[in-house]
Each structure stands twice: as C-alpha cells, then as structure tokens.
Amino acid sequence: MKNGITLIVFCRLDYVGISLLVIGSFIPWIHYSFYCYNSFKLVYILAVLILGGFCAFVCTQDYFLSPTYRAARALLFIALGLSGVVPCVHYILIEDLQEGVHYSALGWLILMAVLYISGATIYALRIPERLYPGKFDIWFQSHQIFHVFVVLAALVHLNGIMEIAQHRLSKGGCDNQL
C-alpha cells in the first residue's frame, strides 16, 4: 500500500511539474514579445498562470489520476500549450509576421510546440509499448520518450528566449508603451 501512495504522490508532482514547465515557457516569451505593451503582457501572464494552475489542479485530482484518463491528461497539457497561439497571433497582428519570425523567435516557439505535442502524443498513445507488449516495460517506454521530447523542447526554448532577449534588450526603449 505504501508504494501505491508513493506512486500517487510522484504522479501528482510530475503533473504539477509539467504545468510549471509550460507556464515557465510562456512567461519569458510573453515578457519579451510584449515588452512595450505592458497591459497585454499582464493579461497574457495572468491568463497562463490561471490556465496552468487549472491544469495542475485538474490533473492532480484522484479521479483524473487513473490510467483511464491518460489520453485526457495529455490532451489537457496539449491544450494548455496551444493556448499560446493566442498571444502569438496577437503579436503578429500588432507587429507583423516578419518581426514575429525574425525577432520574436516564433520559429523556435513552433519547434518547441511540435516537440511538446509529439512527446504528449507518444505518451497518450503509449507508443512503442502498445505496439510491442512486453518489449518496452523498462527502457524506451512512452513516458521516458515523452521526457526526452520535453528536455529537447526546453533546450529549443532556451535558445529562442536567448535570441529574443538579445534582440529586445539591444533594441532599447519603446516607441509605443501601452
């Protein structure tokens, strides 16, 4: 019974950690992209904190921890990540596509999203252990593959944030402070 409780605690910590990682991925991008638009920056940061908190709360509920909800958890995390489309589109509308691609690290952001979604899909579909039962019980199971994708996405994100921070901080002041 003690191992069951330990498993539940660590599953909850894992889900909270995923939520915190997604929140932490959004905040620097929002900060630098909306550097000169303080009201938009505040709204988007509050939105991601609320959505991420909601995601963490739902994923740590007893009923949601069962294997039955594995795909639902993955979809919830994907939805949390895709909520970042709103500020991205908004940024492109207030600046322009060229600014977004070259100076706001949208390419890196898209690659990060592809890595997160790919990892979550592998996790939700239980690839490869579902396709080859018994062959991937210890090594190379979907959860481990998912974490490799998360680490790769974090490295891509770091590169993108360093690029956007360098651009924003070298640009100087703001012409249009909102």
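A Cβ is built for glycine as well, from the same backbone N, Cα and C atoms used for every other residue.
The Zn(2+) binding site annotation in TrEMBL covers HIS143, HIS147. Just so you know, the Cβ of HIS143 (Zn(2+) binding site) picks up 13 other Cβ atoms within 10 Å once every protein chain is counted. Secondary structure at HIS143 (Zn(2+) binding site), as computed by DSSP, is helix.
Among residues of the same chain six or more beyond the transmembrane segment (7-30), those with a C-beta under 8 A of the stretch's C-beta atoms are 41, 44-45, 48-49, 52-53, 55-56, 59-60, 65, 73, 77, 80-81, 84, 87, 104-105, 109, 112, 116, 150, 153-154, 157, 160-161, 164-165. Sequence annotations record features per position, and here TrEMBL assigns transmembrane segment to 7-30 (among others).
The feature transmembrane segment is assigned by TrEMBL to 42-60 (among others). Residues 12, 15-16, 18-20, 22-23, 26-27, 30-31, 34, 73, 76-77, 80, 83-84, 86-87 of the same chain sit 6 or more residues outside the transmembrane segment (42-60) yet have a Cβ under 8 Å from a Cβ within it.
Marked as transmembrane segment by TrEMBL: 72-93 (among others). When Cβ-Cβ distances below 8 Å are used as the criterion, the transmembrane segment (72-93) is approached by residues 15, 18-19, 22, 26, 29-30, 33-34, 40, 44, 47-48, 51-52, 55, 58-59, 64, 99-100, 104, 106, 109, 113, 116-117, 120-121, 123-124 of the same chain, each at least six residues removed from its ends.
Look at TrEMBL and you will find 105-125 (among others) tagged as transmembrane segment.
For the transmembrane segment (145-162), the list of distant contacts is 18, 21, 25, 28-29, 32, 105, 107-109, 111-112, 115-116, 118-120, 122-123, 127-128: same-chain residues at least six beyond its ends, Cβ to Cβ under 8 Å. What TrEMBL records for 145-162 (among others) is transmembrane segment.
Neighbour count (other Cβ atoms within 10 Å of the Cβ, all protein chains): 14 for HIS147 (Zn(2+) binding site).
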